[in-house]
Amino acid sequence: MDNMKRWDGILILIMGLAAVLNVYNIWHEGLGNTYYAATVKSMLHSFHNFFFASYDPAGFITVDKPPAALWIQTISAKIFGYHGWALILPQVLAGVASVGVLYAIVKPTFGRTAALIASVVLAITPISVAVARTNNVDTILVFLLLLATWSLFKSVRNGKLGWLLLTAVFVGIGFNVKMLQAYMVVPAIYLFYVLASKVSWRKKWTQLGGATAVLLVVSVLWAVIVDSIPPDKRPYIGSSKTNSVLELAFGYNGISRLTGEGGPSGMIGGGMPIEGKSGQGTSHTEGESKSPPSDVQPAPGGMPMPGSGIPQLTDVQMKQLRDVMEKMGINANNPAEMMQLSPEKQRELQSELEKLGIQLPMMPGAAIGGSGPSVPMQPANDMGIQMPANDGMPTGGGMGMSTGKKGPFRLFQTELGGQISWLLGFALLAAFSLFADIRRRRQLNDEHREAIFWYAWLLPMMGFFSIASFFHSYYLSMLAPAIAALTGIGLTTMWKQYRETTWTQWIFPVAIILTSTIQAILIHQSMIQSGWAYAVGGAGITLAISMVVVKNAGEGLKRTIAIVSLTSLLIAPLYWSMTPALYGDNSILPEAGPQLKSFAGMNQILTQQGDPKLVQYLNAHNNGETYLVATASNMSATPIQLETDRAVMMYGGYLGSDPAVTVERIEQYVKNGDIRFFLVSRMGFGDNQDITNWIVENCEEVPASEWQSDVNWSSSIGLPMTMSGMNKLYVYNGK
């Protein structure tokens, strides 16, 4: 009993560590991902909005995800009030609880030591910590999948069908959090049940059939209900092409994640007409010459579109940047001042930095923070703006927008390695230890079956993320439970074999060397000085040699070296996991790592913010219209909606390319007095160009001096920029 209390106390400490990493400084995270925050605020308005997960208070269009996790966030906001921390709290709790659930999963078969190691590895996985500190919903999904795993293992141990059905329920709820992403663990679930269940084959398949039925019913129940409601009685399904939840699940939130089709690889829909004068805009057709119009200028400094891969600066370049800014009288510690430079000042700064081979985020293909290769760009489009030429995905590092180059080593590249791969090599090598005795036993035991489950979780996901075209780095939190579990069960198995005299005794030292080498490479790729990389690599080699030297020494010495070896492998991921709390997170595209230090203090302005003068103008000139303004995408809609708590029609959906409304329907809205103002961005054009043309032809442009601040708050990337002329406001006066 005393031993149990001691170990349980250690678990409490580990969960406490997870809580600190997940909670500390979240009150500085603002509203987190403002797209989801705006949706939750709308869901608080009515049950109609709550049920459909309506993005806007008027119920025009939904968010691009199913509602389960957002329901939880809305309930939290209802209880605690609409605050950023109240929106983030469910993810924080899910992250901490996941640590405890993983412990409960591993402990029965592999023991407390393995369970504790697995728990601490999950607690300090950098990307898991980073995403848990935001209102992005991945942490809740991982928690549900861990509950499904716990229920699955329990069903095998006690032979009760009810636990298997509960597994299906948890995965089905996960589908209603992030759709097909939840199904990434389904192959592992089926394989494990086939291998581990002790019932007859006929009964086994019958039970799996019943579980499959439950899984499908729970998964699609909400979708079927919504799709069966007439379109005019519900919001348009955001990011779908056919106004269908099921199409959203298998399209934008499904196959498109692998192929990249439908991802953010093109311009935001609904930009300014590119030919003719106001009132005569037409969209290009295939085969036409596409030269930039004379009246359209790129953003100052040639600013790339959001998500267009951006390489980062080294420590030396950062120091040079600060020195140059200091000489020019620019306060590098005041992000707002940095972002409000006049065009002349920007050009002067650009000129000075080009002499040093440095580019700024507002300039083509550069960003502050980290290191990484420059991005191949496509030729400039009609708007004079370039986009990345890597299947729509950036390859540079920084701010969670980069996912590296496709291939077998993608997860170890600069862009992703520091987020998830610190112990990935150890987890993979553990297979030699975990399955070393299969030939001798000639059958699978419980340890083998559970290890197979975790590899069936890990390996397909590794394959997916190695070739996928459209995902964000924080999706890698899906890998964390399997890596953590395999590290825990692998290390304890290696320790047992290390004390034997078979060939398996060398797996532990080799694993230490391999993992230390990988960690040294990851550190070297980051902004940390190379000395730390050499120290980590050297420590690993030294400890591995020590393990060989003391092989025949006493248990105490060998145990001490093993503990020191494990501790040395946890230092780097622990530091990485601390960086979001220390330096602030990117709530829209969360990531961890020392590159965040370069953005310290900038999180407040990294979120989308509306132009105060525009908001004031729209409020003052609203005559009771349902929608304060209509605009193409989330980037221009969300800041205004959050600021005013009024409905903003996002007629193109999140990316601006949804066919959510026709020109005829827009005309009807206008004639009914539901819309009067339209905000059109010159940052691009897409599937809604016909709507933009109608706006220009039938509405009057409002002089920028009446509604636009001297500093134009660019909601396209959430930073205040001097981007005069990039947006235009139109008013319908009954033409």
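Note that the numbers count up from 1, one per residue, in the order the chain is shown.
Keep in mind that glycine also has a Cβ here, set from the backbone N, Cα and C atoms.
According to TrEMBL, the features are:
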type     : residues : note
TRANSMEM : 7-27     : transmembrane segment
DOMAIN   : 64-222   : domain 'Glycosyltransferase RgtA/B/C/D-like'
TRANSMEM : 85-106   : transmembrane segment
TRANSMEM : 113-131  : transmembrane segment
TRANSMEM : 137-153  : transmembrane segment
TRANSMEM : 183-201  : transmembrane segment
TRANSMEM : 208-225  : transmembrane segment
REGION   : 266-312  : region 'Disordered'
TRANSMEM : 420-439  : transmembrane segment
TRANSMEM : 451-468  : transmembrane segment
TRANSMEM : 474-494  : transmembrane segment
TRANSMEM : 506-525  : transmembrane segment
TRANSMEM : 531-549  : transmembrane segment
TRANSMEM : 561-578  : transmembrane segment
DOMAIN   : 614-698  : domain 'Putative mannosyltransferase YkcA/B-like C-terminal'
Problem set entry | For the transmembrane segment (7-27), sequence-distant contacts whose Cβ falls under 8 Å of one of its Cβ atoms, 6 or more beyond its ends | 84-85, 88, 91-92, 95-96, 99-100, 103, 112, 115-116, 119-120, 122-124, 129, 132-133, 577-578, 581-582, 584
For this session: Determine which recorded stretch among 113-131, 183-201, 451-468, 506-525, 531-549 has the most C-beta pairs below 8 angstroms with the transmembrane segment (474-494).
Result: 113-131
For this session: Establish whether the number of Cβ pairs under 8 Å between the transmembrane segment (451-468) and the transmembrane segment (506-525) reaches at least three, counting only pairs separated by 6 or more residues.
Result: no
Problem set entry | Residue numbers, six or more beyond the limits of the transmembrane segment (420-439), whose CB comes under 8 Å of its CB atoms | 121, 125-127, 411-412, 447-448, 451, 455, 458, 476-477, 479-480, 482-484, 486-487, 489-491, 493-494, 497, 502, 504, 507-508, 510-511, 514-515, 518-519, 522, 569, 572-573, 576
Problem set entry | the transmembrane segment (113-131) in contact with the transmembrane segment (561-578), cutoff 8 A, at least 3 CB pairs, sep 6+ | yes
Exercise. For the domain 'Putative mannosyltransferase YkcA/B-like C-terminal' (614-698), what is the mean per-residue pLDDT, to the nearest integer?
Worked result: 91
Exercise. Can you name the far-off residues of the same chain, 6+ from the ends of the transmembrane segment (561-578), with a Cβ under 8 Å from a Cβ of it?
Worked result: 21, 117, 120-121, 123-126, 128-130, 418-419, 422-423, 426, 491, 495, 498, 508, 512, 515-516, 519, 522-523, 536, 539-540, 543-544, 546-547, 550, 592-594
